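Below is one structure, written out as structure tokens, with a few remarks after it.
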């Protein structure tokens, strides 16, 4: 109970890493939107394992099928169900992990909560679960662009202590996709890739930070006091596997400034729009978008499943050692980029629909 | 639309800073719990303005009244409504701000979204709104302790660059309340107080970080994949006024470690419980509590409303200057401590009720 | 947990019949709507006890106070909290009922569920709880009329076997309010009043049927497949105290016709609108409004609390007899009319906001 | 937006009558419940078209596949997705109906709401949508029986004016399934079948009433004031295709009695349980189950799609005539029985989980 996200653009995901498949049901999609499986596939391919030398070598095509909600290429306004079949499973890789808990993984807590667990490949706690999110995010992105020209661009900002220099106001998707680590600072990307390969060879893993920008967001999205825009985005990205931190605008660093240095002063631009001279607010004030770019960052810990030997216990509580088998990403960051974009898109799309409903109704 | 929080322990707040009052309706409180207005008042007094020389000098008693849901000192299982009347208002302090937007405040976005705004003291975006949260949090805390012995302790970890040395595993409420800045590191607290006073005299403001620990949380709370425990906590605290960042366990700093250094290895303790040697996970793995202490941090920006003069615009978009009148906190951190505790308590209480329902039912 | 109704126009009620008061928080009201306490009071006065010789002689002014969400006579888009203080309580009337369960009342089930009960006057199960619904309904009605010219008119269709002849397509509020039983068939109303008085003198009670029409409802409201318009209306009115049945359009009687007799054939009217020749569908087809008048009926059982002596048991399970004291309505129907109107208004208002959000967004 | 039902046992259905398939995602199922596709199939077979000479001759095997949430024959506590592929479609039967609205069907309202419609076989408004409900209901039934011994039995009570004599307190599933019309009064069933066949030959249709009983329901289920047990059941069954009315216990007929005749007097039975002498309340008082059998009735109108010629209009608003092609049920009642059972099971299961969570938590 907790597999549904959103109020008006409502997404329910399902599926374990091994079993029939994974997918999503999207309820509340506006009707008459043109959408194709190919467009969704494009986003799924960015999330797909085996896409490059720095991701897991598991080969999963992750081909999606639209089961409902689309007719003659257009959305019906009815639920859109999307299914991706599971393939290329090697349950034997997980034999040992059926008995031994992976440190910092969800194996032990799933057992504690449910008293049962699909031990093949992480089950529901596998990153494979995010396929449904990314598929739904592809549709959300399309709606956001069609309705308001909103574009959402995520990228790897930092791998361990290697930090790229990137301007969120001008970065393009082409720049992000120009290298396999998805860091638009080409020189830094080189070093990141090299470092990930080296760590992978050691059987270890590393983490980092994804930054994401949403541009052309209209003023007025967000529903105080609990469903503030940054609160819902925080929930969305903190529900992604391996995320450990979130910040918006100036974030933690902003706490080092005084108010007079931190505040975003207002001015009126040439078109008569009220704008801010700086953007330490990250595009949101009082929980409501202010028309500036929304800029946020998400911290992802190093992958928990590693080949290095570690202390752990068995399901029966016996002390033991585990050196994980299987084919795991030494660094989730490149594949986390489309996941972060998806969650930001889901939140913005939900709030766009909520806002249009509540506040425009009297003047329509 | 966004003033309700929680699924089974469901809190709805209402009220602007000026007007009849502020309050909360709590739905889903277990019946037969002993509760008194005095217990709730105790938490409200920690949030209250005018409580010390480093908070706003506004004198608001914030006396609460329980309107429903309690009978002969015990909860009925019906909605508990709590009301705090507004007092000591000086709308004349806000005359100028009726026309001029405060930089980095919600004035402009509320106008953009709703086309109307109670300009007296921040209206709904005032921190006064959190009274309802803190009142509900007092009840949530009591339930958590009664059911499972859970205790939640927040404190000021950092003011600007002044960081206290505090052990979350042993810190006590008495230590937190032993000084007016609510930093249990007494020596650091002195310097924090001094710095806040100095900044206040300059008409400026500062921010910082609140850390919060939840102890004795049973294994199994949290509902993947969207309602992961840390995701709901993130949403809760990121919906507080002035919060800009959230992290759980190792947080952003954890991204600098390799997996082999970051993972929390398992062992079995003397009572046969599966435990972790370290706690970089912050008490949550895969979105589910693992029985270790839940440890989190929230970044609060410097107060937006300051007496220093700043550039801004009027409602009509004219460029102008504003030096805010009124009586504002130079630093929200001491009063943010009970707010963070309240949000953590609301989330844990909700998940405790959700978990008991879903997973115990077959064995009851 | 179950005191909130609606998705976008979301109403949370609170309060027991004895205690601080009863009320409601309305979240999601569009901003900039003119509203006054007097307008809400007008609807509350229609629900008020002691309004005529055929209702309970309890004198409760039920004066409402708007606590939040309205500023200078207009809604802010923030939660509107409305409070009605409890008055004129005679808990001594309930001394006996603290020990003895009233047959067909909620006394016993509340005890079974919660293990505690405010036995003074029915507590949360008292019809007094509907004050919050009627107050919220007053605002919903105003929105519906302002946005789309929708009007909602309920009336007493039948008392026991006395059935009025009323045309839902032309009936007016003035006709409904022209007599104290709220049956717009004046001649039948006379007989109804006489019968209620006679039953009341016998210490007994009677029930009947309220019919309600919503006119000028635009096509397109309702969200299949679960939140069909009639499904949400059914839930709304079946949550009213004493309701035992619901039907829409032809209802139970429609099951006696064949399809060829029952179907509403289509035609195009002079303005080019697709209309139906008959209206056995009751204004809703496939869960979505079709632009015809929405017509529904609700069955209310005879009041459970009567002065006639009946068999019952004590809280301890001892067999005993009870002749209820206190001042009870011999027939709830006249006061149920504004309650039914309120629930229909809440549902329509919620769906109006939901529909504007989902389907207009692409063309805005 | 409206395709999810339930709070803790939460069901989301998807799919149109033509397209990839129909199905359901069930979130909140307790873990470690044994369940197989065969058990679900058994319920689907009762809903299936072509099961007898009085249902539509469409041959749809409706074979279900469990995509997720079950591992080695047991539920995981994660979402259970179930898919039924669409087969045997004859879109050519619908060519005419792509242009002409079927009277009293959802064709016109879907077009009005969404501006687009899958005209092949009713699309989302097809009764085929209920496959997901019945599949989820099969699981809910199993939980209810496993946890509390609850059994739910529906049956055809009336076809047009042919009414069976059936005792809800003793009726068995075997009796219901002993004939194709699902009326456990064997003699009346004969006449019903004959009448349905005759009506079918005329190209016309008829309706009737399904009655349903839930036995062994524990005291205490239901969440006043809005989520009363009968209110949620009412919503559930009124969201079924073709339903026009709902009543609980004495229902509409109960309005003809006085209170002293209608009230259910209490007594204490030999085991010390508080019981009622009669059951006009239908097992629910004040919105909460009282331990007596829950008894309810649902009115279903005659099938809208008939072969007899009727007046209608085209999508462009031209007056025309339509004699529907395709293979339609002359009477939906026999197939509606498992649908009503499913909705009652979904509501009871949801409330069982909600109740265990809220009220047992303090004493666990």
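Along the chain as shown, residues are numbered 1 onward.
Keep in mind that glycine also has a Cβ here, set from the backbone N, Cα and C atoms.
Annotation source TrEMBL lists NADP(+) binding site at B:47, B:53. Around the Cβ of residue B:53 (NADP(+) binding site), 11 further Cβ atoms fall within 10 Å across all displayed protein chains. DSSP classifies residue B:53 (NADP(+) binding site) as coil under the three-state reduction.
The FMN binding site annotation in TrEMBL covers B:124, B:125, B:126, B:286, B:301, B:302, B:303, B:304, B:305, B:327. Shown in sequence order, B:16, B:17, B:241 are the residues of the chain, 6+ apart in sequence, with a C-beta less than 8 angstroms from the C-beta of residue B:126 (FMN binding site). Look at residue B:126 (FMN binding site): DSSP puts it in coil.
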Rounded inter-Cα distance in Å - residue B:53 (NADP(+) binding site), residue B:301 (FMN binding site): 20
Cα separation, residue B:47 (NADP(+) binding site) to residue B:301 (FMN binding site) (Å, whole number): 18
FMN site span - longest C-alpha distance across B:124, B:125, B:126, B:286, B:301, B:302, B:303, B:304, B:305, B:327, in Å: 44
Among B:47, B:124, B:301, which are binding-site residues, the residue with the most C-beta atoms within 10 angstroms of its C-beta: B:124
Binding-site residues (B:303, B:305), the one with most neighbouring Cβ atoms at 10 Å: B:303
Residues from B:53, B:124, B:303 facing chain C - binding-site residues, CB under 8 A: B:124
Inter-residue Cα distance where the pair is residue B:47 (NADP(+) binding site) and residue B:124 (FMN binding site), in Å: 17
Cα-Cα distance linking residue B:47 (NADP(+) binding site) and residue B:305 (FMN binding site), given in Å to the nearest integer: 18
Of all listed binding-site residues, namely B:47, B:53, B:126, those lying near chain A with CB under 8 A: none
Cα-Cα distance linking residue B:303 (FMN binding site) and residue B:47 (NADP(+) binding site), given in Å to the nearest integer: 16
